[in-house]
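J.: Dropping the structure in here first, questions after.
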């Protein structure tokens, strides 16, 4: 099995949820493994049972047909539950107060898709959770299942349709009236899986694809747009609609970022050749043209964006992200060769209206993880609050949690929680008010 032979990627690690709680000038930290079916079975067997990332053909026969998800990508809190998410299986419900695992979760059994996105969106006005699953009928299928879930956790809308190709759809975007699906150029093929090849392969000569669907539309209402230049679509920043136009902001890179999913030939681009553009796509639903308009709205480069969630799905002005500054110094003598996320070397605050940005760099021996935003108060203006992020102190092999005041962003942290240990690089997280952390009985 690939896992036993050491031929796996970090995307397949067991999920662990970390929680920082702020109260009365103190910070408490807790972390627990997500007790997925995979985790429980392998711990009981005291050996690996599940094989390579998203490849069931490499599994031990004893676990055939079981849920393979490691629930390691993102966490959201909705209707009193913490949902640990990975896009190759259903959510895993946990208690938000204790991080105790409850189990696989299908929204009262109404979610029929085999998979659910790691990036569902919450509408700030009505509390709806909007999500989808790709490869919804099994690995490498083109089926997409789309869901709207009310604030009580009940599925109130479901639509099924097929993507133009079997490909990774890691993130998506939601507006007041539409959803947008970026279909990547990382494609999957069941015959390659059977041969033990990686779950995805980069296709260098295909178009970018975006699907636009009304929020309460049926599968026949999906409209596909194509961009005749290839690109690696990053995490969505935000989206909104005005009249017959839908706007989507996200970073796009000119070539394959995931070196562990090479082309069929095995080729991966030189990292120095990669160029990112913060792109605004405009989808004109009144036009017959399948090509959206593109605009570069800032020269700042970065990833793992967050907005003030009170302005999600609507026109917005402020965004916060992990900065990519190729000219920032890195101390290889003290830190060794750059690690996977060493290129995330600062935090940035984008003013979407002007295209300008503020930045803070933690220094040549540090890298950052995904920042989240917390408003100063429930009624604070957009973007007025705090940015919270983990910083990897690479030379000291420890982690710290920094808090920046958005009114004085470039001045750096107003508070730091020094951890006496090194946390592994995580993927995604969110800030949640304490009022939402009480689990249902």
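Sequential numbering from 1, following the chain as shown.
Glycine residues also receive a Cβ, built from the backbone N, Cα and C atoms like all the rest.
Take a look at what TrEMBL says about it:
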- 119, 170, 235, 428: Fe cation binding site (BINDING)
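Mind running through what each feature is packed against?
T.: Secondary structure at residue 119 (Fe cation binding site), taken from DSSP and collapsed to helix, strand or coil, is coil.
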J.: Beyond the listed site residues 119, 170, 235, 428, identify every same-chain residue whose Cβ lies within 8 Å of the center of their Cβ atoms for the Fe cation site.
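T.: Here the non-site neighbours turn out to be 73, 74, 118, 171, 236, 427.
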J.: Long-range neighbours only, meaning 6 or more apart in sequence with Cβ under 8 Å: which ones does residue 170 (Fe cation binding site) have?
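T.: Within the chain, residue 170 (Fe cation binding site) has Cβ neighbours under 8 Å at 87, 117, 118, 119, 184, 235.
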J.: My understanding is the cutoff is Cβ-Cβ under 8 Å with a sequence separation of 6 or more in the same chain; which residues meet that for residue 428 (Fe cation binding site)?
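T.: The list for residue 428 (Fe cation binding site) reads 73, 74, 75, 118, 119, 304, 370, given in order along the sequence.
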J.: Looking only at Cβ atoms, how many others are within 10 Å of the one on residue 235 (Fe cation binding site)?
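T.: Excluding its own Cβ, the number within 10 Å is 18.
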